[in-house]
Structure formats: structure tokens, C-alpha cells
Amino acid sequence: MDPYTEAAINLQPPNGRPVHKDDCAYSFDTPDLQGGLDVCLSCFQASSAHANQDYTKLHFDNTGHSYFATVHKKRKAKARSDENAPKRLAIEAHKEEDDWDTQWGVKLVTAVGSEKLDETREPFPELLAAVENAESFAARSEVAAWENEIVSCEHTRNLNQSAAPDLNFSAPHCAQCDLKENLWLCLDCGAIGCGRAQFGGVAGNTHALAHSETTGHGVAVKLGSITAHSADVYCYICNDERQDPELRKHLSHFGIQIDDLQKTEKSMTELQIEQNYTWQFSMENESGEIKPVFGPGLTGMNNLGNSCYLNSAMQVIFSLPAFQKQFNVPQQFIADPINSHVTQFRKLADGLLSGRYAVPDVYDDSEVSYQRGIRPFALKTLLGKGHPEFSTNRQQDAFEFWAHVTDIIDNKIEGGRALTDIFRFQTEKRLQCLSCNKVRYTKEAQENLSVPVPIREKGEQDGKTVYEDVELSECLIKYTGAQTTDYSCKCGGKEASVSNKFASLPDVLVLNSTRFQIKNWVPMKVDVNLNVDENLNLDDYISPGKQDNEEELPEDEAGEGNSSGWTANETAVEILSAMGFPTVRCEKALYHTGNSDPDAAMNWLFSHMEDADIDEPLVIDSSVPSSGSTDNSAAIAQVAEMGFTPNQARKALRECSGNVEMAVAWLFENPADEGEEESAAVATEVASSGPVGYTEKPHNYELTGIICHKGTSVHAGHYVAYVKKDGKWILFNDEKVVSSSVEDMKKLAYVYVFQRVSA
């Protein structure tokens, strides 16, 4: 057979089809590694012919596709210059040829081996040009350039300026102290006050904020940041950086000509970028050294643009022995590996655990050489498919993403539920009428535990509020302690005592600590130290169950305050109440959003603040299930009105925790999904209520992983993971992997992962 004239003549260019040329579909081998990458000229999937596993041969054996484009890359030397330092919170798009020398070729794969072909012979020049110029899968999966968008608000748009005072701008200083930098001009009245203390030693006594709180004036501009083209404008009412579309006019009101000003101080964005780049303060070990580590189980993951939430969650999840056993196995051929959850999880396991990619980056000439890490484009795209948040490039909540991943494993992977059973346990709620003293015990399946951290101020230091340290035992005692609640009992009683304790405990306990308080109706994360021992015993928090001397409430008396039997998730109520929301609003929001997710409930509250009945007690019609039920006939009908079948609606509602809007979005993203019969949804719910976890004491646990967050909101800032390996803590900060001290970060962790210790 002449390879240049027979089968090759039928090959067609991609013509708009996605071309996978960034990494192998089955591994993280890339064109710049030894051996390069092969791109099938029939289906445009990428594979590698690695010595340990020849995925190109696997592809040929199962498809018969013989012709492959070969691509090899070598990074160009890149000059370093301070002029290239970023001045705005953005990732700039640039051309690939600026970074790489790329060589393309063609090879023919047969049953007996492979041979290099002459890429200049027809029909290969046109095919190679089409493949080279086609948009890559990774390019389709990410935004080429993103920027932290700053917008105006009603307070900047509707600014009401008072009479201009007599201001001296030749030598300005704070009206309340002697500071002459970090000064903010109130755009309402012209008062000058110092700002908050900033990263990098910028002093501040928050007198501008104090002025805003005293006068109600919301908008201020940082004097040293003003130029003809930009300025830092902050709205204290919104508690966020804002844009003032009429800044020139507003400054002119005080006699300030914007064209005459020069920037004299770093902007807030520059300070934020500098702070993000100097995250290395937590990358030091006990000796104060930055010590990168390499080898099996020590592979970093590149940040794909706000993907640190995914990186940190996956590092901890794949440190668990059960996940390693399930997914760290040889790949098998899949017709569409990019959209196979099993294939992509196996790919990730190999990438993180094999050690092949955990080697020093040969192109990194910095003083401390890290590894380059792996780039999980396909996994991120697949896990986000159909989800209104995880499908975007916005920063996300790592704890919410963890739950999303376990849901996908439950529903998309055969035998996945048996794997995620390691997280499952049961809590037991004890309700006792305070009049007749009869009791009711109810068990509920859980996959994680969320505990609010008490917030108690103890003073100020360097212009910042300092909070009292909290012990984890205090949080657990509060979580399992009894509380009095309104209750209508047939005996005439109006109150009941309610408590939650553990009926069983899991192999792996995932504990989420929440440290939020509401400021100007915006939830802000507060840095409260939570003292957590690495060894934890939970025997004191186990429910003893119904005692012989206790009389049980009859079935029809266990209404728990309403005829439907619905009760608000107490942990979620605690979290929302800690943010400043009244209990009646918390319960109403949870009822309408599935009774599990405080964030979803909080969003509901913000969008219903003006409802006339927002503070009226929740009244539940027992004939109408809450939004969290997958058998909600009203919600199913609402989704079906959009043109979907009841089976599709039922499946989408289960995937989206009963949220109708998210369910509709999910269906538009998954039009081929036929949904599920009613019995399937019921079977899923019944399965989740079976016996799970351990009841035998002792319940001893060891802290083996934590996810830390830096920033004022879980939807912004930066996430990193710490994993204990062979008794030592390893920090995974995206692709930077170092041996590190965990003591300080352990106190401020967002998610703690404890593994059960065998007796």
C-alpha cells in the first residue's frame, strides 16, 4: 500500500471540529515532553506513544485509524523584565509562537509498528496546516483573557455632593491623624481620611471608613491613585471597589483637575496582585526554607484561570487511599475519552500519583525551581458541563465543588456510590416536647459536617480587628448541644428541645468550618483562629439513642411545628443566623432552596429582601413538597412547561438539588439526556437512607488534609491544599509543591479532612 495515495486521500481537515492537541486524552503527556504528541487525522483526538503505555497504538487497535500528525514543542528562551510585571488583575492573551518552537510531522501506525512519513507529500501539507491552525480544545475551554471587572453602583451613579469645602491639596493628611499616604477623599463632602492598613506595610487607621460610618457617605477615591485614565474608587456601603463614571466631574467639584494629577501610590489591584504573588510566606517549612518536593504523589496542578478551588479539592480527594485504589489503574479504550468521567479521573490519578510529571521544570530559571504541573483542561470542562457556576471561569467555593464531585461520582460512574460511602454517616436528631417530655428520634444521612465558628472580637491590632481563638471542641459541643425551638404538640406544649448527635461516623470525615459575618448586607469571611488537633476523638458526640425510660411521641405528633413534617437544616440555620439573618428568614430561604446549601439560601434571601411577607412565619402546605425534593410535582410541572419531559425534569431537579432555574439550565446543556423514571429517583433517595458508617467505639481520627482559603469571600481569593504524606505536611499551591509547616494555616483552614484510625 502506498501510504501517500490510498487511505490518506480520504482524510479530511477538521472544518470547525475541535482538535485535541494540548495533551493526551488518556494522560498528561504534552507536545513538549519526550516523544511529543500524536493527533489522529481521522477523529482529531490526541494520544501519546509513551514507553510505559502507548495510547496511540491503543487508539489504532480499537479504531483502525492509521494516520497521525506528530507535534513536538520546545520552549523559547524568554527574557525577564520588570517592565512585564502585571499592572492589572488580568491574564493577557498572547500568541503561542511567542513561547514555543513547534515542529509538525506525520506518521503511519500499523499492527507491526509505526513509520515517519514525508509531511511535504500530498495530502499532508493542507491537513497539517488545518490541524495547526484549528482552535484547540483548551482554547475553547478557557477564556483567552479575563479581568477582574469593576463596575459602578447606585451610590457612585447617584452621588449627591455637598458644598465644596476649602481644601488644601498641596500637603494633604488625614483629618484624624498624621498619616500622609493611603489617603481617601470622600466624594460626598471632601473629607480626607486614611484607609485600612494594606499588605506590604502600607499604614492605615481606617479613619476614612469611620467617617463613612458616622456620616453615611459611601464613596471615596484614593488620592495617590488618580490619573487621567484611572483611579481607585471605593464604596463603603457596597464594601467593594467601584467605578465612578463621572469621576472627572466629581473631582472638579472640589477644584481638582484630573489631568494635572500623577499616580504616586500603588493601586488596590497592584497591591492585590503583589499579595497573591507573595503567597510564599506560607510556603516555608519549619526551618524557614522554601523546599520544593518532587516524585510520586507530589504533582502540582496549574491554575487554569481561577481554578485553584478545583486544584485544592482534587489534591485532597486523590490523597485518599480509596480514590487511589479506584482510579489509579490502567486506562482502557473509550470511543470518547474526553467526555468519559472514568477516563478523566484515571487520567488525573496517573497525573498526580505516578510522579512522571512531578519533576523540576527545565524551563524555570528562577531562584527556586518548581515543577510545571499538569493542566486538567478536559477534567475541568467535563466536571463543569451543565452547571451554571462550575462551567465558568469564575472563582468558586472549594467545599461546594467537593460536594459536586461526589455527586458526579455517585451518578455518572458505575459503582461510584460504593466509593463515596467512605464519606457517609448518620446524625440523629432528638426532639423532646418540654411539656409532656415525650421524645422523637430521627436519623439523617450526611456526607459532610458544617460547623459555624463563633466570632468574638477582642480588640484591634495594626488597624485590624482581632478575634478570640476558638477550639474545635466548642464548635462540636454547640453543634451537638440542645436548643429550644417553637413546637406545637398535641399536649398543648409550645416549645421543644432539639439536639443533633452522631448515630454513626464515616471512614473519612469532611468538616467545613464557616467564619462569616454580615457587613452592609454582604457576607464577609473573618479570620478567626480555630484550634484543631491532628488527632480527634468523637466518642463524646455519639447519640445514645432512645432510652428505656423515655416515652416516644406518636407518629402523628411528630410534626415538629408544622403539618408537613419539614424541618429546617439546623446547621444551615446556624450558619445563616451567624451572618445576621433572622431565624424566620433562614428557615424560609432553606425551604425554597432545598434545605441543604447555605449559599443558595443566602442568594435567595438577597433576592427576596423586599418581599412583604419576608418576616412572616413559614407556613407549609403538607401537600406540596419543598424545593429539595426530587419528587416535587409542582417543580416537575414547571420545568416540563419549558418543553421537557417529566422524566427529564425529574432527573434535572435531582442533579440541581430541586432548583428549577438550575434544572432548566442543566437540561439545555444536556439535551440528549432522557431523564429518569420516577422509581429511579425514589430508589436513589431510599438508598441514601440505608445504614452507613461506624457505630463501634472508639471513634478516633487523624487530620490528613486541609483546604485553606485566603480572601474575604469563598468565591474570591485563593485556595491551597495541605496533605499529610508519610507523617509530613506537603503544601499544594497550584503547581508549586513544597514541604511546609501547617501550624498557622491549620488554624484558618476552610475544610478539614480526617481519616478514621483503626483501633
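Note: Cβ is positioned from N, Cα and C throughout, glycine not excepted.
TrEMBL entries are annotated by machine, without manual review.
Per TrEMBL, the feature Zn(2+) binding site maps to Cys177, Cys194, His207. Cβ neighbour count for Cys177 (Zn(2+) binding site) (all protein chains, 10 Å cutoff from its Cβ): 13. The secondary structure of Cys177 (Zn(2+) binding site), as reduced to three states from DSSP, is coil rather than helix or strand.
If you look up TrEMBL, you'll see 299-757 marked as domain 'USP'. Averaged over the domain 'USP' (299-757), the predicted model reaches a pLDDT of 82.
Summarising the annotation, TrEMBL assigns compositional bias 'Acidic residues' to 549-559.
In three-state terms derived from DSSP, His718 (active site, proton acceptor) belongs to an extended strand segment. Counting every protein chain shown, the Cβ of His718 (active site, proton acceptor) has 19 other Cβ atoms within 10 Å. Annotation source TrEMBL lists active site, proton acceptor at His718.
Among the listed binding-site residues, namely Cys194, His207, the Cβ with the most fellow Cβ atoms inside 10 Å is that of Cys194. In sequence order, Cys174, Ala175, Gln176, Leu179, Gly193, Gly204, Asn205, Thr206, Ala208 are the residues of the same chain, not among Cys177, Cys194, His207, whose CB sits within 8 A of the CB centroid for the Zn(2+) site.
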